[in-house]
Amino acid sequence: MAENQDYASGNGGIKALLLNFIHSQSFSGIFLFFCAVVAMISANSALSESYFHLWHTEIGFFIGETFIGMSLHHWINDVLMSFFFLMVGLEIKRELLFGELAGIKRAAFPAIAALGGMIVPAIVYTLFNFGTDSAHGFGIPMATDIAFALGVLLLLGDKVSLALKVFLVSLAVVDDLGAVVVIAIFYTEDLQTLWLLYSVVILGLLIGLNKMGVRSLFPYAILGVLLWITVHNCGIHATIAAVALAFTIPVKPKIESENFAQEAKELLERFLSHDKERANLLLASEQVHSVELLSKHSKSVQSPLVRLEHALHPWSAYFIMPVFAFANAGVAISSNIHFDIDGVLPGIMLGLIVGKPVGILGLTYLAEKMGIATRPEGVMWIDILGAGMLAGIGFTMSIFITNLAFTNPEATDVAKIAILSASLFAGALGYFFISIRCRFKKKKEACCTIKS
């Protein structure tokens, strides 16, 4: 495992990678909230007609007289979101191999927490919608928006322990994995066998590339596009293709870190061996060659998985998810909305606000009492409850599942209003709860210091 960790990011790299992830996701959450607010304002202002008309704009190209394309809304939800799910898949793979989910013992607690945070909200929703046309939306309150949740923790600053942040990230990664499984199993249309067979063949080729030691990302990208097309046509949501692609991206770099260190040392010595005065004015051809080789080796020593994840992170955090939020969070609130459609509103709201913390705290408590899992060091039960409240922020992932679960526009609008309301309430509740908890903890530590 130590050897694999070097492939991921070097000594101490996992912690740096995690801190960078938390930092970027936290700011992304604040930006997402801003985009959601702008979307709601646009949908309920004089711009309303233009806002909704924009997403129905057809974008594509003609082959002869045949138009191949989709609405802008579908380009965002099916194509752009595939890049987000590719990043999610890479994060899941990295966490399973090197992170907090590496090994059964380390993964047990956050995995059980995520399981509780998915099962109980689904049960709560089903209790309100059993036997109705809206029962298919049980997956909506199962999701957690990690960017929003970490954004709330960012507002609390250094008062929140790193252990709690790590737990919340680990929980969210498993939650994302659960969401992928739910989408693949429960929100799949009638399967087209031939296209499914094509998908399996292409996936086999991707696995073959990995096994053959191909480290260039270009062939994976080509086959990834073909996989997206075949999965989209076979009836499974195309974002699942992105997750499958992520799991075939190689972890091991082209050059081992020990070999890179030796080669880099030799190249630097060769660079410095040339005339210094000449080098100050114009690099000699040998020096240029050394620099080019060093640059090439620097890329080859990086894990393809981590390199791709780093490349996708800023695009996902500051473009893809904000665009998705702006395109999907806008709901025109009017007297024509029927909030009493089955039990959609209470099912989603109570599922996220109550079901999430109860499920996370309840199942982890039982697991520890039964000796199945152990709480992370430095994380108290009251912290688990606070994290459970923040996990109730469903937002983007819940909205994404809403679009798959409902075909009725009225049910979709009610679900989005419920998601936005519940996410806002869960975020505020989690913020004040953890803030008060940190304040009492600080006072207690101060008292202990005075006594000692």
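Yeah, the Cβs are placed from backbone N, Cα and C, and that goes for glycine too.
Annotated transmembrane segment per Swiss-Prot: 27-47, 67-87, 108-128, 137-157, 166-186, 194-214, 216-236, 314-334, 343-363, 381-401, 414-434, in sequence order.
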Task = Rank 67-87, 194-214, 381-401, 414-434 by Cβ pairs under 8 Å to the transmembrane segment (166-186) and hand me the top one.
result = 381-401
Inquiry  = Below 8 angstroms Cβ to Cβ, which residues of this chain, lying six or more residues outside the transmembrane segment (314-334), approach it?
reply    = 24-25, 27-28, 31-32, 35-36, 38-40, 42-44, 48, 51-52, 55, 72-73, 76-77, 80-81, 83-84, 87, 147, 395-396, 399-400, 403, 413, 416-417, 420
Note = With the cut-off at Cβ under 8 Å and a gap of six or more residues from its ends, the chain residues touching the transmembrane segment (414-434) are 36, 40, 137, 140-141, 145, 148-149, 152-153, 155-156, 160, 164, 328-329, 331, 333, 337-339, 341, 344-345, 347-349, 351-353, 356, 383, 385-387, 389-395, 398-399, 402, 405-406
Inquiry  = Restricting to CB pairs under 8 Å, which listed stretch, 27-47, 216-236, 343-363, is in contact most with the transmembrane segment (108-128)?
reply    = 343-363
Inquiry  = Can you work out which residues elsewhere in the same chain, 6+ from the ends of the transmembrane segment (194-214), have a Cβ less than 8 Å from its Cβ atoms?
reply    = 220, 223-224, 226-227, 230-231, 233-236, 241, 244-245, 248-250, 252
Inquiry  = With Cβ-Cβ distances below 8 Å as the criterion, list the same-chain residues six or more beyond the ends of the transmembrane segment (137-157) that contact it, or say none.
reply    = 22, 25-30, 32-33, 117-118, 121-122, 124-126, 129, 164-165, 168-169, 171-173, 175-176, 178-179, 182-183, 186-187, 317, 321, 344, 347-348, 351-352, 355-356, 390-398, 400-402, 405-406, 411, 415, 419, 422-423, 427, 430-431, 434-435, 438
Remark   = Same-chain residues at least 6 beyond the ends of the transmembrane segment (343-363) with a Cβ under 8 Å from one of its Cβ atoms are 112-129, 132, 134, 137, 140-142, 144, 171, 381, 384-385, 387-389, 391-394, 398, 411, 414-415, 417-419, 421-423, 425-426, 429
